[in-house]
Amino acid sequence: MDQQQNYITSLTSLRGIAALWVMLFHLEVIFFYRDFGPLIPHELTGIITKGYLWVDFFFLLSGFVISHVYGAAFAGSSDKAKLIKTFLWARFTRIYPLHLFILVLLVPLAIIIPLLFPAVVDGSWETFLAWPALLDNLLLINAMNQHVYLSWNIVSWSIGAEWWVYVCACFILPFVFRSNLTYKSIALVVASAVLIGMFSIRGNLDITFDYGWVRCLTEFTLGTILYQVFVHRVGVVWLSKNTSFLITALLIVIAFHFSLSDILLIPLFILLLLCAAYNYGLVKRVLERKTLRYLGDISYSIYMMHGFWFLVYWFSLTYLKSELKIISLSVPVKLGLGVSFVGLTIISAHYTYHSIEIKARQFLRSTRFLQRKKSTVNG
């Protein structure tokens, strides 16, 4: 069965905005936890400090989009083995080349930098660049409680989580697409209950290296069910309005600003996604502007490359403190460092998108590995 071509293009821009917000969150982490103070005083706003929640938006969006692209195929294919093989190979070639590229960049740096700049090696170095965790990162099991810390490309835990959820999707998609309303409702309740339970235990949704895959699985499942809502046009009369999108976006900003409970953002993200998918008016035209669309196109590279630059800046600030004895930074200097962090991330993402993501994906999908003839579904 051929892949659906009517991709909901307005969702691409939202992915780019989410990636930028996560990037700003990690920039804040660098300054704050290196004792150079926050970008914006925390008592004024939580607009940045809650930025990790946009990863939850990614997971919801992933379930929605994968359902849109592959759901019908999983519901109707007679050759399940071939479909599963094609689907997983498409997803693997989408996420793994850039992940591997960044690890290949980091490994020699982890060897050379301590020799040239031993002052940067502190406790966080031994954690972030822990050699025992390298294999887990290569095998994409870095969100399965193998180690009690984030390691190497610290944002790649979510890529490991996504991969194993893609494996689960081979069973989730046919279940959701074939089941009746009762079973869909049960899936909704179970996924929501697990997510709420994890939140209740942790007190937030910043669940990463330990049970990040469960966080991803529950929200991916919610995304697949949300797609069923979209297909049946539930609430389209109201949610397709420009004002509905704008009000939802405003509520999200308010929730971030006042640092409201993490779990409250999930239904707001769901509404935002649905409003964007339904909208064919001003909101759609804005989200389909060339610049926003391109940010969405390179969002995976933005997300992954900012993890690389996170380590560069994190340990550069260590060097400033230990060797240059700089213990504080003026606002203009912090602003300059922040702008350079964002700029380097976006520029490098532009190049990795074209040179690594696209080329590696095209090469791997053109090989005959795992395929004896051209696939009927292209991811």
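Just so you know, glycine gets a Cβ as well, placed from its N, Cα and C.
Bear in mind that TrEMBL entries carry predicted annotations, made automatically and left uncurated.
Under the heading domain 'Acyltransferase 3', TrEMBL lists 10-335. For the domain 'Acyltransferase 3' (10-335), the predicted model reports an average pLDDT of 92.
Summarising the annotation, TrEMBL assigns transmembrane segment to 12-33 (among others).
Annotated transmembrane segment per TrEMBL: 53-75 (among others), in sequence order.
Taken from TrEMBL, the feature transmembrane segment applies to 96-117 (among others). When Cβ-Cβ distances below 8 Å are used as the criterion, the transmembrane segment (96-117) is approached by residues 125, 129, 131, 134, 137-138, 140, 152-153, 156, 159, 163, 300-301, 304-305, 307-308, 311, 315, 319, 323, 352, 356-357, 360-361, 364 of the same chain, each at least six residues removed from its ends.
If you look up TrEMBL, you'll see 154-177 (among others) marked as transmembrane segment.
According to TrEMBL, the transmembrane segment annotation covers 186-205 (among others).
Within the same chain, residues 56, 59-68, 71, 143-145, 157-158, 160-162, 164-165, 168-169, 172-173, 176-177, 184, 187-188, 191-192, 194-195, 198, 205, 266, 270, 273-274, 277-278 sit at least 6 positions outside the transmembrane segment (211-230) and bring their C-beta atoms closer than 8 Å to a C-beta of that stretch. As annotated by TrEMBL, transmembrane segment applies to 211-230 (among others).
Look at TrEMBL and you will find 242-258 (among others) tagged as transmembrane segment. Away from its own ends, the transmembrane segment (242-258) comes close to residues 45-47, 50-51, 53, 264-265, 268-269, 271-272, 275-276, 279, 281-283 of its chain (Cβ-Cβ under 8 Å, at least six residues beyond either end).
Residues 8, 10-11, 14, 50, 53, 56-57, 60-61, 64, 195, 219, 222-223, 226, 229-230, 233, 235-236, 239-242, 244-245, 248-249, 251-252, 255-256 of the same chain lie 6+ residues outside the transmembrane segment (264-282) yet bring a C-beta within less than 8 angstroms of a C-beta in it. As annotated by TrEMBL, transmembrane segment applies to 264-282 (among others).
For 294-315 (among others), the entry in TrEMBL reads transmembrane segment.
Beyond the ends of the transmembrane segment (335-353), by six or more residues, the same chain brings 20, 23-24, 27, 30-31, 39, 98, 101, 297-298, 300-302, 304-306, 308-309, 313, 329 to within a C-beta distance below 8 angstroms of the stretch. What TrEMBL records for 335-353 (among others) is transmembrane segment.
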